[in-house]
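Working notes, beginning with the structure itself.
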Amino acid sequence: MSTYKQTCTNLLELSNSKVTEWLASFDTVITDCDGVLWIYGNALEGSVDVMNQFKAMGKKIYFCTNNSTKTRAELLKKGLELGFRITEEGIISTAHATAAYLKQRKFDKRVYVIGSEGITQELDKVGIKHTQCGPDPMQGPLGEFMAKHLKLDSDIGAVVVGFDENFSFPKMMKAASYLNDPKCLFVATNTDERFPMPNMVVPGSGSFVKAIQTCSERTPTVIGKPNPAICESLLNPKKIDPARTLMIGDRANTDILLGFNCGFQTLLVGSGIHHLSDVDQWRKSKDPEDKKLIPDVYLPKLGDLLPAIVNSQTGGSY
Amino acid sequence: MMEGGTTIKLLDLPGQQVSEWLRSFDTVLSDGDGTIWQDDTEIEGAAAVLNALQNHHGKRVYIITNNGLKTRSELFGRAQHLGFQVPNDQHIISPTATIVEHLKQLPDFDSSKHKVYVVGNAAIGRELRENGIESYGAGVEEPLAKGDKWQDFAMRELTKPEAADNVGAVVVGWDEHFSYCKMARACHILCRNENSAFLVTNRDAVHKYPNFCIPGTGAFVAGIEACAGREALEMGKPNPVVLEPLIQSGALRPQRTLMIGDCPKMDIAFARNCGMQSLLVGTGSFPLDILQQNSHLPQPDFYLPKLGDLLQFL
C-alpha cells in the first residue's frame, strides 16, 4: 500500500530521495490523455519527456482515454506525432472497450449508435453491425415526422451513446423507442459531462447520456473510467500488479476514482479539470464517496516531474 | 384535509356531506388534459361543473396546465371555445405564463437590457414577446452546419461576445429541434452568467405510446443540466412556485383551495406540496383501483370517476 495513500502529497515538496523512492514503487503507468498529456492539439510542456523517461526506465505505459471520438489507430497517430513512444496495444479507449464489451457478450444483432466514427470503426473491426452516425435532423413537425419519416429498425439489439456533435431530437426519439424493449442493451461509452476544451465549457458524452437516460427511463452500463471494466483486459488475466501501478489523471471523478476502484496508486495533475482547491473540498466533505477522489500524490503538471526523474537517473551528481 | 387517510369516494357520500364539503373551499384549481379536456375536445360535463362552481357557488376557478406548447392567451381561447366561462386569461396558469411572472420578479433580471435564450418551441417566444421580454432561439432549428465540426462551431460562435452578453435567462421547453448546438449555447450562457435564470417549463421525461416513445422536456433539460452543472427551476406542477403569484396577490389561500386533476405525480403531488385539498378524477391513466395498488404514488383526498359526476350535487 502506498505510503501516500489518499494524502494528496505534493511531489514538489518532497526531498529528492523520497521522490526517487516513489518513482521505484510502480512498474506500470496508466495515464489519461486530455488535460494530462495534451490539450486539444498541443502537448503539455514536459509531458512527452516524462512519459518517454518512464518508458526508458522500463515501466509499462498505457494511455487510457474516455474520448470516444477517436479510434485507437487515430489516438496512436496523435501520440506519435506529438513525440510519445507508444504502441497501439498500449492504448485503452472507450470506443475500443465498448466494441470489446459487446463482442465478449457474443452480441450478434445491430447497434443503434449515437456517437462518432470512433465507435463505428471499432465496431467494424470486431464485425458488429451498426447504424451510421452523422446528422439526423428533424423533418417536418412531429406529426409529419412520425407519419412519414420515422423508421424504427427491427434488428436493433443495443443502443450505444457516446459523444455526438449531431445529437438531435430524432436520435433521442429512436433511442427511447428502442430502449423501451428491456432486452435491448443500453451502453454508454463514458459519463464525462463536459468535453475538455481550453477556456470553454462544451457538452460531453455524459450530457447526451443523461438526456437518453431520462427519456428512456433506463440506466446504462458505463464502459469508461471510473468503471474498472475499461481496464478489464489488464486486470484479468493479471497482466499488471495493481499495487505497483500508477494512475495519472486530471479529473478525479474518472481518473483518480478508477485508480481507487482498481487498487492503483494515484497522481492528480492540476493541468486540466480538477485542482488542489477541489481536493480541499473533498477533504472537508462528510460524504465518504468524496474521500475516494483524493489522490495519493499531486503535481501542477506532469512535466514538473522531469527534474526529479533526471535526478534519480543521474544519482544527483550532474 | 385528510392526512394520510384513505381516499374518500365522493359518490359514496350522502348528498348532505357533499354539500358540506363544497363549502370547505373558496378556490378551485383544475388541471387541463385528462381532467377537463383532451386537446381540443371537452371531457363531457367538465365545463358544466366548473361553470356551476364559479357562477352558482361563488368559487374562483383557475385552469392549471403543464402544457408549454401554447401561450396563456391561446389556452384561454381554447377554454372559451370549449365552453369554460373563466373570466379572463389571468385564470389560466401555464408554464409560459409562470415563466413570465417569475422573470418579472427576479432582482437580477432586467427586461430593459436582458434577453432570454430559449431552447424550446415558438409559444415560449410569443409569450415572452407579448410581455415585453426579448428572446431568441424559440422554435428555431440549429443543426451543426454542413462541413462544420463541433470545435468549429464552438470556437466561432461561443467566443462572440453576444453569445452570452446581456443574456439574463435560459428557458427550456419542448423542442423537436433539440441539438448539440443548442445545448452548447445554453451551457455557455449558464456558465458565463452566474446570475442568469435557468427555467424549464416542466419535467415530463417521456410520453410512451405502443410503438414509440416521444422524449419529454425533462430529457432536454437533463442534458443541459449535466453539462452546465446547474439545476433548472421547474415552472410547472408539481413545483409550488407556480402558485406564488396567486398567493402573493391574495387571490387564493391554499387551505381553502381544491386542486382537481387526473395525474397523481403532477396534480396530487402539487396539491400536497401547496397544502391544498386534492380531488383525483379517473379520466386519466390512474383510475382509483390502479392507483391504490401503487401505494408509493401520492393518494388523493377525494375521488370521482369523472369531473362531470359532480354536477348532480351542484
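From the backbone N, Cα and C atoms, a Cβ is placed for every residue, glycine too.
Just so you know, TrEMBL annotations are computer predictions that nobody has curated.
Annotation source TrEMBL lists active site, nucleophile at B:Asp31. For B:Asp31 (active site, nucleophile), applying a Cβ distance below 8 Å and a minimum sequence separation of six or more within one chain yields B:Ile63, B:Ile64, B:Thr65, B:Lys237, B:Met259, B:Ile260, B:Gly261, B:Asp262, B:Cys263, B:Met266, B:Asp267.
Sequence annotations record features per position, and here TrEMBL assigns active site, proton donor to B:Asp33. Every protein chain shown contributes to the tally, and the Cβ of B:Asp33 (active site, proton donor) ends up with 17 other Cβ atoms within 10 Å.
Among the features that TrEMBL reports, Mg(2+) binding site is placed at B:Asp31, B:Asp33, B:Asp262. DSSP assigns B:Asp31 (active site, nucleophile) to coil, not to a helix or a strand.
Look at B:Lys237 (substrate binding site): DSSP puts it in coil. The substrate binding site annotation in TrEMBL covers B:His207, B:Lys237.
Take the mean position of the Cβ atoms of B:Asp31, B:Asp33, B:Asp262, the recorded Mg(2+) site; other residues of that chain with a Cβ within 8 Å of it are B:Gly32, B:Gly34, B:Thr35, B:Ile36, B:Thr65, B:Gly261, B:Cys263, B:Met266, B:Asp267, B:Val281, B:Thr283, B:Gly284.
Cβ crowding, taken as the number of other Cβ atoms within 10 Å, peaks at B:Lys237 among the binding-site residues B:His207, B:Lys237.
Each residue contributes its Cα atom, and for B:Asp33 (active site, proton donor) and B:His207 (substrate binding site) these two points are 14 Å apart. A coil conformation is recorded for B:Asp262 (Mg(2+) binding site) in the three-state DSSP classification, outside any helix or strand. B:His207 (substrate binding site) carries a strand DSSP state (E or B).
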